[in-house]
Amino acid sequence: MNSSDPTAISKPLGERARAALGGRNLVFVGLMGAGKSAIGRMVAQELGLPFVDSDHEIERVSRMTITELFTAYGEAEFRALETRVIERLLQTGPRVVSTGGGAFINPNTRQQIKGSGLSIWLRAELDVLWDRVSRRDGRPLLKTVNPKETLENLMKERYPIYAEADLTVQSRDVRKDAIVRDVLTAIAGFANEEQDP
Ligand SMILES: Nc1ncnc2c1ncn2[C@@H]1O[C@H](COP(=O)(O)OP(=O)(O)OP(=O)(O)O)[C@@H](O)[C@H]1O
Ligand SMILES: O=C(O)C1=C[C@@H](O)[C@@H](O)[C@H](O)C1
Ligand SMILES: [Mg+2]
């Protein structure tokens, strides 16, 4: 990595964030398209921790895609499975867990996350989310007549709840490296706040 690159992730920052996290899990929450899976994986690498994505884990254990699960069993059953899978994932750590967009909205799952680690909300504006989610299928909640409006309604409903996360980082239309650096800075800073409120 070129040290003059302004988006370069300095080793000390990764190490400081890792020390701040200690034995806790780091859990990414936020809406579809915020970057939880993509950024979570990169952050885990910087922290030297295992990474797991709850949507992928649900698909692995059920041997079905998220869309198939919604179609066959409905959203309520999907949420019940999601809660069980996330509970298990949080039991052994520290690790980085990227959750599905609705996970933190479920009160049971939210309590589990709050109890087992540091939660981080990747917050994004509607147009950023829309640009990202409209490129790929596989999000059953957006199979509506007006998916952009559905996404906007989900933002209104969910943003006050995501705001309960320990940390918030703005997910913007910039290089992923820059968001990763913001995440690591937020984690390292959180430890200072805890020591020196
Ligand atoms: N900072 C960024 N710049 C450009 N593209 C990004 C950035 N962050 C994420 N992306 C891309 O946006 C898309 C959506 O990201 P990702 O799948 O990580 O979102 P997610 O929050 O996990 O969504 P879901 O809740 O649906 O799983 C991916 O193609 C990802 O590579
Ligand atoms: O926002 C949501 O409720 C969802 C987001 C995805 O990650 C998947 O977990 C599923 O499509 C539901
Ligand atoms: Mg994801």
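In case you wondered, yes, glycine gets a Cβ from its N, Cα and C as well.
Curation plays no part in TrEMBL annotations; they are all automatic predictions.
The ATP site recorded in TrEMBL includes GLY33, ALA34, GLY35, LYS36, SER37, ALA38, and the single candidate from ARG139, ARG175, ARG181 that the record places there is ARG139.
Ranking the binding-site residues ALA34, GLY35, SER37, ARG139 by Cα distance from ARG79 (substrate binding site) puts ARG139 first. Annotation: LYS36 carries the greatest number of neighbouring Cβ atoms among the binding-site residues LYS36, ARG139 [cut-off 10 Å, Cβ to Cβ]. Ranking the binding-site residues ASP55, GLY101, ARG158 by the distance of their Cα atoms from the Cα of GLY35 (ATP binding site) places GLY101 first. On a Cα basis, GLY101 (substrate binding site) lies 9 Å away from LYS36 (ATP binding site).
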